[in-house]
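Swiss-Prot has this to say about the protein:
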REGION    1-22  region 'Disordered'
TRANSMEM  59-79  transmembrane segment
TRANSMEM  87-107  transmembrane segment
TRANSMEM  118-138  transmembrane segment
TRANSMEM  159-179  transmembrane segment
TRANSMEM  205-225  transmembrane segment
TRANSMEM  233-253  transmembrane segment
TRANSMEM  349-369  transmembrane segment
TRANSMEM  392-412  transmembrane segment
TRANSMEM  435-455  transmembrane segment
TRANSMEM  483-503  transmembrane segment
TRANSMEM  519-539  transmembrane segment
TRANSMEM  566-586  transmembrane segment
Amino acid sequence: MERKPLELESTDNHQNPSSAVYGGSVTAVDSVEEDVQNQKKVVYRGWKVMPFIIGNETFEKLGIIGTLSNLLVYLTAVFNLKSITAATIINAFSGTINFGTFVAAFLCDTYFGRYKTLSVAVIACFLGSFVILLTAAVPQLHPAACGTAADSICNGPSGGQIAFLLMGLGFLVVGAGGIRPCNLAFGADQFNPKSESGKRGIDSFFNWYFFTFTFAQILSLTLVVYVQSNVSWTIGLTIPAVLMFLACLIFFAGDKLYVKIKASGSPLAGIAQVIAVAIKKRGLKPAKQPWLNLYNYYPPKYANSKLKYTDQFRFLDKAAILTPEDKLQPDGKPADPWKLCTMQQVEEVKCIVRVLPIWFASSIYYLTITQQMTYPVFQALQSDRRLGSGGFVIPAATYVVFLMTGMTVFIVVYDRVLVPTMRRITGLDTGITLLQRIGTGIFFATASLVVAGFVEERRRTFALTKPTLGMAPRKGEISSMSAMWLIPQLSLAGVAEAFAAIGQMEFYYKQFPENMRSFAGSIFYVGGGVSSYLGSFLIATVHRTTQNSSGGNWLAEDLNKGRLDLFYFMIAGILAVNFAYFLVMSRWYRYKGSDDEVTTYETNENIIKQQDKNVA
């Protein structure tokens, strides 16, 4: 039968077969018409509400990053923790935040919706920043400062002090875990996804989102870190707490203007249904011409785009095979979703399953970023950080700003130079595909670690063979190598982020079903969480394996006695293998394609005939 375009109204001469069989109940066409009518009632204010959303995003990122960016130094300088202990805490904390995004996404999409989730999250972030501020401002909440002499007593924190600190970090886990998966999707909710201006607005919002993110990191890693390191920890932590309070005010000021999409129920239940039914029906023969003969149904007000059939993971197709035992409701809906699923449900599950191998490779990629956000700080502490002849010393944590600068600058170069150039070559509107963008980022990440290894080898050689610049507190001799040599590795990591991070976020957003976009945001951060825990595991394993070896501990407290360069080369090797794996998975992957413009008449007709045959 010839496929015909979807119409908003049915006529007497061209009636939906399901309407004839089921007595004129709600059909797919009626559902679309009702959906369009309901959509007109929604007032999309688009850019008019962006001052509230982007303003909240900016101050929220300034607050969180201002609190966390120098936390590594804070734990060693104020809480008197050893470097490896502090690095392990930071990795575990970052991983917990990232895994927390998955829980928040589930609660958001299932029960509360994005607005309510964000409301709780921004308040939790403020409380977390305030508690961390108190650990610095109240002397009883942190241990006494260590003496400057090498043999001076240096007491660690008490159990109560650690507990209070962890309470503040716990609030930040709740806050950041709720904000990260929901903020981007909530901003995109304010644009009409069906209009051309709305689609352009969503694309532009992605750029603004990452611009504010990098802007906040740059400002936090320069101004806020400088105040914390050179003026006062109390004042330096007051700034992000105040900014988080402003973020709360700005967010709630736009309360009556936002488009607030209600939670649509657990999408995880639909995934479980497809898997369970496919297992139950595993003995059935695969359907012939499955794009025609698999059962399909679109409920009223269905938000997701209608997906074309794909022939990957065909064992899942059996969940949508209609048998004589399967019962349908009068409107065509399965009577028991745990016995019969729709082809649409199956294709949505396929979308998620296809993403997982790509997500795994992207998670390994983040090993680069987690290491480039921690150990370069320790490298800078034992390098020459003087700027010019005026005696100004750049705070060690500030050097990470070059990662953000590299990312920010290259985003502009990518958008204004590379995309137009590649568009002429490939004919694609985006210049290159999303997977090509992610793969390029993984390549640059590997290169940044190789460069980091050579730079650390040079820094260590200078420290061991040339006059040094004194002793770093609780570390070792300060190498005469300028800390500016850290810029190449950090800039390459920034370029990697411009390719891979933005590419991943857009990839997940577009490849996940529409009712799982909070999950799409969370899976991006869960990947970062996996890499954080993997980074902690690698640090602990390398430390334990090498501390008693003849070559010495690679990750010694004094970097001059360690071999951080070999650690960098080891991770570069892991990423090289991961890059090869990603290339294989990219060739296998199939992008999600919608079939919204195709009528369901032919499919419905085949389904009815199939059921009648089964009943007979």
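Every residue gets a Cβ built from N, Cα and C, even glycine.
What you are looking at is a predicted structure, and each value in this text was computed from that prediction instead of being measured.
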If we skip the immediate neighbours and take only residues 6+ beyond the ends of the transmembrane segment (349-369), which ones have a Cβ under 8 Å from one of its Cβ atoms? 270-271, 274-275, 307, 310, 312-313, 316, 403, 435, 438, 441-442, 445-446, 448-449, 493, 496-497, 500, 504, 507-508, 511-513, 516, 523, 526-528, 530-532, 534-535, 538, 571, 574-575, 578, 581-582, 585-586, 588-590, 592
Grab the same-chain neighbours of the transmembrane segment (483-503) for me: Cβ-Cβ under 8 Å, and only residues 6 or more beyond its ends, written as numbers and ranges. 206, 210, 362, 365, 368-369, 372, 376, 379-380, 383-385, 394, 396, 399-400, 402-411, 414, 434-435, 437-438, 440-445, 447-449, 451-452, 455, 458-459
Interface check, the transmembrane segment (87-107) with the transmembrane segment (519-539), three or more C-beta pairs under 8 A: yes
Long-range Cβ neighbours of the transmembrane segment (205-225) (under 8 Å; 6 or more residues past either end): 50, 54, 57-58, 61-62, 65-66, 69-70, 183-184, 187-188, 191, 236, 239-240, 395, 397-398, 400-401, 404-405, 407-408, 411, 415, 501-502, 505-506
